[in-house]
Amino acid sequence: MGRTVVVLGGGISGLAASYHLSRAPCPPKVVLVEGSERLGGWIRSVRGPNGAIFELGPRGIRPAGALGARTLLLVSELGLDSEVLPVRGDHPAAQNRFLYVGGALHALPTGLRGLLRPSPPFSKPLFWAGLRELTKPRGKEPDETVHSFAQRRLGPEVASLAMDSLCRGVFAGNSRELSIRSCFPSLFQAEQTHRSVLLGLLLGAGRTPQPDSALIRQALAERWSQWSLRGGLEMLPQALETHLTSRGVSVLRGQPVCGLSLQAEGRWKVSLRDSSLEADHVISAIPASVLSELLPAEAAPLARALSAITAVSVAVVNLQYQGAHLPVQGFGHLVPSSEDPGVLGIVYDSVAFPEQDGSPPGLRVTVMLGGSWLQTLEASGCVLSQELFQQRAQEAAAAQLGLKELPSHCLVHLHKNCIPQYTLGHWQKLESARQFLAAHRLPLTLAGASYEGVAVNDCIESGRQAAVSVLGTEPNG
């Protein structure tokens, strides 16, 4: 009888792990267990009354690098090439990004000319920050906060405006708490290897071999900055589910895991609400803190390391306006914490993907709310109503983009604990977990956003790596 692998969590990481397991030459029996009634995790697309697409989670995927190429290969393998909506390199959504500082939108400088001239909100040309960076000595600490790293290498303005905003946009987090080593490993490694971040990024870390396909070649030739799918990004997990079913993977929905226990013969017993499963190996693609509460007593040191990986909530407010126009064209803008503690940024969805505007077309923007404002609200225990978030989002759209009319359509979703926080020393938590798993030879593999990347590409790759680890070899078609 063959091995049984149980995958916990039907988000994109668990789906990717199941996909690669199912494509092995001699695949194990795969059981995917999801606590909710739907697959896809935070990737969710909703169609509005006029046919417009609203993304409640991620809204675009970057094609860059080996990870971006692997995701495009997955898209092709699933037969979704014709559904891809690219943002090409010459498009405003690829070229223009903004910061909202001092009550005004400021375009982030691009190209050499942009770096050589003063660009508000920065008081001096960013060229000088780059020059300063080249002369700075290498840091001596094994880890550092993003703010400390950026201030030391690039100066206080870049740290408090650009990097603060970036941490809010990517992690909905605080740059004074997040780890440079874990959140931006390429910057950390560039300094370690080349003493200078800029030098390291210019010289690169050596070419990583990446897959090849017609879609990957097209993305490179047209310099795509991101892409989506015609019916929304949820088409990707939906296609994965269809594929898994065709490959004989058992998909259990609405089955939250209640506990994990080790049997005498070294197999897992996975306890569900009304039943249980036996597994030779478990891949956990659920949040680290959730897994920590399911582990048996003999794995207490592992549970302690995992429970220390926390996550923050984000309120996503999708707004659509009829007959409205944006003051600028671009991907969107970020807001530093010094400007507004609650508004993380606004994405101009209609600029990047006008094909999803519906009929009649309406201007779509998404306001992200979070940060210390939301954390304080959550801690206070007061009711977090949809009206509260809608009002806050409409006020931000009015003040920051001049969208003063009432939206024709609005969706509000509070995603509780949706983005893991790689705080200072995160790498040590991962090391503790790895050492425990290796020392005790536990048939458990960790995957998902809690560990080494929160972007969709990172999650898909973590699922693939988990499958490779279980199979002991690269799966093939």
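Cβ coordinates come from backbone N, Cα and C, glycine included.
Taken from Swiss-Prot, the feature FAD binding site applies to 9-14, TRP42, 57-60, VAL257, ALA449, 454-456, supported by similarity to another entry. Sequence-distant neighbours of ALA449 (FAD binding site): residues of the same chain at least 6 apart with a C-beta under 8 Å from its C-beta are SER13, PRO287, ILE419, PRO420, ASP458, CYS459, SER462.
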Completion exercise
Students should find that the Cβ of GLY60 (FAD binding site) has, within 10 Å, a number of other Cβ atoms equal to 21
Exercise for the section: Could you list the residues of the same chain, at least six apart in sequence, whose Cβ is under 8 A from the Cβ of PRO58 (FAD binding site)? Expected result: TRP42, ILE43, LEU233, ALA455, VAL456
Completion exercise
Note: in the chain of GLY11 (FAD binding site), residues six or more apart in sequence with C-beta under 8 angstroms of its C-beta are LEU39, GLY40, GLY41, TRP42, ILE43, PRO237, ALA285, GLY448, CYS459
Problem - Least surrounded among the binding-site residues, given as SER13, ALA455, when other CB atoms within 10 Å are counted - result: ALA455
Exercise for the section: List the same-chain residues at least 6 positions away in sequence whose Cβ sits under 8 Å from the Cβ of GLY9 (FAD binding site), in sequence order, or say none. Expected result: VAL33, GLU34, GLY35, GLY41, SER284, ALA285, ILE286, GLY448
